[in-house]
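Written below as structure tokens is the structure these notes are about.
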Amino acid sequence: MEYSNSSNTEQPQTCLEITMEVHRVVPPPHQSTIHKLKTTLKETFFPDDPLRQFKGQPTGKKWILAAQYIFPILQWGPHYSLSLFKSDIVAGLTIASLAIPQGISYAKLANLPPIVGLYSSFVPPLVYAVLGSSRDLAVGPVSIASLILGSMLRQEVSPVSDPVLFLQLAFTTTFFAGLFQASLGFVRLGFIVDFLSKATLIGFMAGAAIIVSLQQLKSLLGITHFTTKMGLVPVLSSVFHNTKEWSWQTILMGFCFLVFLLVARHVSMKRPKLFWVSAGAPLVSVILSTLLVFAFKAQHHGISIIGILQEGLNPPSWNMLQFRGSHLGLSIKTGLVTGIISLTEGIAVGRTFAALKNYKVDGNKEMMAIGLMNMVGSSTSCYITTGAFSRSAVNHNAGAKSAVSNIVMSITVMVTLLFLMPLFQYTPNVVLGAIIVSAVVGLIDIPAACQIWKIDKFDFIVMLCAFFGVIFISVQDGLAMAVGMSIFKILQQITRPKTVMLGNIPGTDIFRDLHHYKESMKIPGFLILSIEAPINFANSTYLNERILRWIEEYEAEDHKKQSNLQFVVLVMSAVSTIDTSGVSIFKELKKTVEKKGAELVLVNPLGEVMEKLQKSDEAGDFMRPDCLFLTVGEAVATLTATIKSQVSNHVV
């Protein structure tokens, strides 16, 4: 085609005028459809390539590696030593001192009998020690999962009027949560958990921490008639409408022990070597408060106590699982929500401490371990458990070397269940409430929220949606709102990909965003656009319209300079994939550009993109060598030289 020339289209002095070697754009090697499908499936479900360790190994060794993969304890167990056990026994006893009072407290938070919290601190840690891959994760009940389980089940079943059915649904929910968690790990779908972004989790955890703390006002104030709702407004309304039930003895005891627990936590945060202060504070609070109640007969003066707890190990509960009836849907829904939350928390905690000690935690194996742990737990009178951050932090600071610390903790809880249960009869509920409040305060991460505000304002809005949704609506609805906002952000990025106009940095063959690099300059006659996203059916129409708008804006601007658009150069280095809808827009663009007397040029189309464009170009005029270039510099230099030679021939 003929290219017009004007006295105003002289190019700036750049190194593009220097003759350079033009590299040919070559098509990718041919791959069969089956091979492409295998590669896609492998990268989707097996990005870590877990089978690579089996390559080249004899059959016997493969069986050993398979057993070690399924049961990580077989991998580190043979190398375990007495020196490691000394560290683990200290860590195990330390986290047991925290797990016992927390287990009782979190069970009450879930509207379950307190003894169930201790059951859940006995069996699940043993299962995780065999199947888990984290050395630092301390397993047991956690506040957020307990809150969600209790609040969701209480919407349809009252734990007061029908405690047996409520307990049955709690065990059934735990089974479905475990089944969902294990299934995600087995079919390698762990990436689903990634839809809970950091901003979502920070807002959700902070909102849930406030809701959990507000729920403890019942125990801290000694209120008997308390609302069953979870929102901020009904809770505060219930508190101030029942001021006559406030007990000054309960308030005094609760305030004193809450201050003690918060001070102990502050000391341990300021001096990590004093981790044992915050770790032992809950157990010390339980012991002191129990002695005070017993000595002064405080249960007769307005302070409520736990009461008699059943002695003995976990009774089997598989006969209590409800797989039929009108409440099956509730159990599945609650299991799904609590399963995702507890799984996210457990994996995040495990990876955090693995990074500190420079070892890896397999996310899919952790999902299977946590899932199987909960499935076994549901049959042994346990409710949902996972790796708790506060307990794992204590475990890490106490010097834990392996999962044996979980076994030591479990044995300590077993001894407590067998011989020490009568000692908890006079433990006041107000202290359990104070323990919960002091534990969940750490979930409110204000510095992280400030950091999100600085980095990404949209993420901050997502965080606020989760926070206020949990506080004013409900825990599950607040989480759903935040996840919905996050998905909307992803869809917005997919359907509205970024395109930028590039200019040349003088003296180089480098092209960069004109708005970012102010020294970069337009090349007269060239509209150079960079597409910075994959092209698919969701964004192809937008891209077509946006590129046409770029062309119209360029023509309107250059009309004043009396220069003509000669080339539309699309830089495709960031376009990793394309579908049939995306291919069609290039055909349409080519026709539109040619009608304007210009030519469409593609730069650096990647393998899959180039292959699909070639297959669609049956006429052979779309992917011509003179329209394909490896770099923008080569494209501009070659096409500029072509224009000059055509102008010279025309003059001659």
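Placement of Cβ uses the backbone N, Cα and C atoms for every residue, glycine included.
Here TrEMBL flags 516-639 as domain 'STAS'. Summed and averaged per residue, pLDDT over the domain 'STAS' (516-639) gives 86.
The feature transmembrane segment is assigned by TrEMBL to 112-131 (among others). Sequence-distant neighbours of the transmembrane segment (112-131) (same chain, 6+ residues past either end, Cβ-Cβ under 8 Å): 70-73, 99-100, 102-106, 137-141, 150, 159, 163, 166-167, 170, 306, 309-310, 313-314, 365, 368-370, 372-374, 376-377, 380-385, 403-404, 406-407, 409-410, 413-414, 416-417, 421, 424, 432.
Per TrEMBL, transmembrane segment is recorded for 165-189 (among others).
Annotated transmembrane segment per TrEMBL: 195-214 (among others), in sequence order.
Residues 219-223, 278, 281-282, 285, 288-289, 292, 298, 301-304, 428, 430-431, 433-435, 437-438, 441 of the same chain sit 6 or more residues outside the transmembrane segment (246-263) yet have a Cβ under 8 Å from a Cβ within it. The transmembrane segment feature in TrEMBL is assigned to 246-263 (among others).
Under the heading transmembrane segment, TrEMBL lists 275-296 (among others). Nonlocal intrachain contacts for the transmembrane segment (275-296), taken as residues 6+ away from its ends with a CB within less than 8 angstroms of a stretch CB, comprise 94-95, 97-98, 100-102, 253, 257, 260-261, 264-265, 267-269, 303, 305, 393-394, 397-398, 423-424, 426-428, 430-431, 434-435, 438-439.
If you look up TrEMBL, you'll see 367-390 (among others) marked as transmembrane segment.
Residues or ranges marked as transmembrane segment by TrEMBL: 402-424 (among others).
The annotation transmembrane segment is assigned in TrEMBL to 430-448 (among others).
What TrEMBL lists as transmembrane segment is 460-488 (among others). Long-range contacts of the transmembrane segment (460-488) within its own chain (CB-CB distance under 8 A, at least 6 residues past either end) are made by residues 147-148, 151-152, 195-197, 199-204, 206-208, 210-211, 230-233, 337, 341, 449, 452-453.
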For the transmembrane segment (430-448), out of 165-189, 195-214, 367-390, 402-424, most C-beta pairs under 8 A are with 195-214
Within the same chain, the residues 6 or more beyond the ends of the transmembrane segment (165-189) and with Cβ under 8 Å of it are 44-46, 110-113, 116, 149, 153-154, 157-159, 317, 320-323, 327-328, 330-332, 334-336, 338-340, 342-343, 363-379, 381-384
Given a Cβ distance threshold of under 8 angstroms, which distant residues of the chain, six or more beyond its ends, lie next to the transmembrane segment (195-214)? 109, 143-144, 147-148, 230-232, 235-236, 340, 344, 348, 436-437, 440-441, 443-445, 448-449, 452, 456, 459-460, 462-471, 475, 478-479, 482-483, 485-487
Across the domain 'STAS' (516-639), DSSP yields 57 helix, 21 strand, 46 coil
